[in-house]
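Noted in TrEMBL for the protein shown:
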TRANSMEM  283-305  transmembrane segment
TRANSMEM  347-374  transmembrane segment
TRANSMEM  386-407  transmembrane segment
TRANSMEM  419-440  transmembrane segment
TRANSMEM  452-475  transmembrane segment
TRANSMEM  496-529  transmembrane segment
TRANSMEM  535-563  transmembrane segment
TRANSMEM  575-594  transmembrane segment
TRANSMEM  606-634  transmembrane segment
Amino acid sequence: MARGSLALKLGVSFTSSSLLLLLLAYHSCSFYLPGVAPQDFSTGAELKVKVNKLTSTKTQLPYSYYSLPYCPPEHIVDSAENLGEVLRGDRIENSPYVFQMREPLQCKVLCRITLNAKTAKEFKEKIDDDYRVNMILDNLPLVVPFRRSDQENAVVYQHGFHVGLKGQYAGSEDLKHFIHNHLTFTVKFHKDSQLDLARIVGFEVKPFSVKHQYDGEWKNENMRLTTCDPHARRAVTSSDSPQLIEDKKDVIFTYDVAFEESDVKWASRWDTYLLMADDQIHWFSVVNSLMIVLFLSGMVAMIMLRTLYRDISKYNQLQTQEEAQEETGWKLVHGDVFRPPTNSDLLCVYVGTGVQFFGMILVTMIFAALGFLSPSNRGGLMTAMLFLWVFMGLFAGYASACLYKMFKGTQWEKITLKTAFMFPSIVFAIFFVLNALIWGEKSSGAVPFGTMFALVFLWFGISVPLVFTGSYIGFKKPAIEYPVKTNKIPRQIPEQAWYMNPVFSILTGGVLPFGAVFIELFFILTSIWLHQFYYIFGFLFIVFIILIVTCAEITIVLCYFQLCSEDYLWWWRSYLTSGSSALYLFLYAAFYFFTKLDITKPVSGVLYFGYMLIASYAFFVLTGTIGFYACFWFTRLIYSSVKID
């Protein structure tokens, strides 16, 4: 009875932990640590705007800012970028946009360019593909504010401004392309109450397309324009006379700068970008997932009570084999339940890789929820995940070697090599092909040769030695002993009912783990493929904990039913049961592609499904390992609690 009460307490503790995390969700979501130190600007201090990549949700192919013939500075200088920024396709460079703090400008002329057939075509293609221009000031991204029609006084910010727009002249049916050549910047600042210093807390823009006019011949950038003149107090407020993009057309680029004092403090300046407009949906996601956990916790508690109390107490009494078989069949397979499975080496490799993934994601989630991976530190999240993956190779080698030794394996070097190379080589091969496609499109998203070499060095120079170190430690420790002995001759598995068919039970088991995360998955896909910030790591951490509990519980439930039907081949099925949720993830990704995205280019479609295939593969390894260890713990627990004659 003590074991039964312990099992019940275990199920309650899962639920209590989830509820505690739920209560802390709001604080986890709202707290973050900025990635840079604040910078104070005095009046007249120089503010330099940096330009970033051109992005499009239609093509998912980023390009550098100066891939279009925009006005360049005297010398183009690349900013230092971390590994994550390079992999994201960021290309941060200086620009000719220079302001003076709290000194407004009106109709500042940057340059005049003359389009030719090639440059006009490039601009038109970027406009057709809805490309947006991204800029940065004091580490804040440029945003375009607009009001939501469905909510009064609600302002939404879009990152970057469109390269241009398409429209028609009055009385004409032909679509024309117009360029956004005038930018009205608004720099929001928070002033120190005692000193004449200010900090930048906002960077907004309103783009316009204006066909600028001037008197006489063009001399230089100091020419006075008739369409935009600060002396005549003539400002650009609309695009009524837009600048057409055609061969041999002159385009004059201009900008305004206005400064606006704000009550927002520097520590809260990212709150606008990270505002959760759909927080109720996230709460619904968590509550929905908790209902699944509560349901499974009840089933597991009932199974544990029945298994550890009634079944075990009756088995330990003097009964005939026929009486025991009438009660349940899980004890009858005690001589075969710990028989090494088919392809045991492969199972060891996947379990070790899953442990590596689990460690990487868990540590990343903790640091992200605490706010150490702020969006202000561009590329920080991806960089952290890469380095954590590399260093978690120590645990991958240890886990695979321990399991391999339990299966009476002797060639630990072979299993170590497979653990170090199997999963990374598959992912690297897919990534290399996708990178070649991006390189063929001449996109800035293509990983340079130097960065590719750095990735290979992290793999071979750090990860592989750590896998070998962990594997050596795991293989030298005493092997895990089975609670019961294995028969020499395997028993025959009886004919299974349709609902215990391996394929049916595996696919059924993957539904619930996916159901616990699919709502949050929508927001993750939106942030990745629609270029939005994702910073609700408090909710995500809760969902991750719920995913772990769901994978463990559904695997235990189905494993128990399988053993009761006298089927002892649980090793691989436990891995595939929860791991099959990756299939539903990939199917949902396909559904998201056809319903939410507007991708038309074949290369972009291949990139999407290629990257989602990698994500689904990683999800399979992660969830499969969680389910495997849960079932492994369960089987050892129940078979170590009965007397075997």
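Residue numbering: from 1, along the chain as shown.
Every residue, even glycine, has its Cβ placed from backbone N, Cα and C.
TrEMBL does not curate its annotations; it predicts them automatically.
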Residues from the same chain, set at least six apart from the ends of the transmembrane segment (496-529), whose C-beta lies under 8 A from its own: 57, 60, 278, 281-282, 284-285, 288-289, 292-293, 296, 536, 539-540, 543, 546-547, 550-551, 554-555, 558, 561-562, 565, 567, 573, 576-585, 588-589, 592, 596-597, 608, 623, 627
Leading stretch by Cβ pairs under 8 Å, where the reference is the transmembrane segment (419-440) and the options are 283-305, 386-407, 452-475, 575-594, 606-634: 606-634
Chain residues outside the transmembrane segment (452-475) and at least six past its termini with a C-beta under 8 angstroms from it: 83, 352, 386-387, 389-391, 393-402, 404-405, 412, 415-416, 419-421, 424, 428, 435
The transmembrane segment (535-563) in contact with the transmembrane segment (386-407), cutoff 8 A, at least 3 CB pairs, sep 6+: no
Contact set, same chain, for the transmembrane segment (386-407): CB under 8 Å, 6 or more residues outside the stretch: 83-84, 340, 344-345, 347-349, 351-353, 355-357, 359-360, 363-364, 415-416, 419-420, 455, 458-459, 462-464, 466-475, 477, 479-480, 482
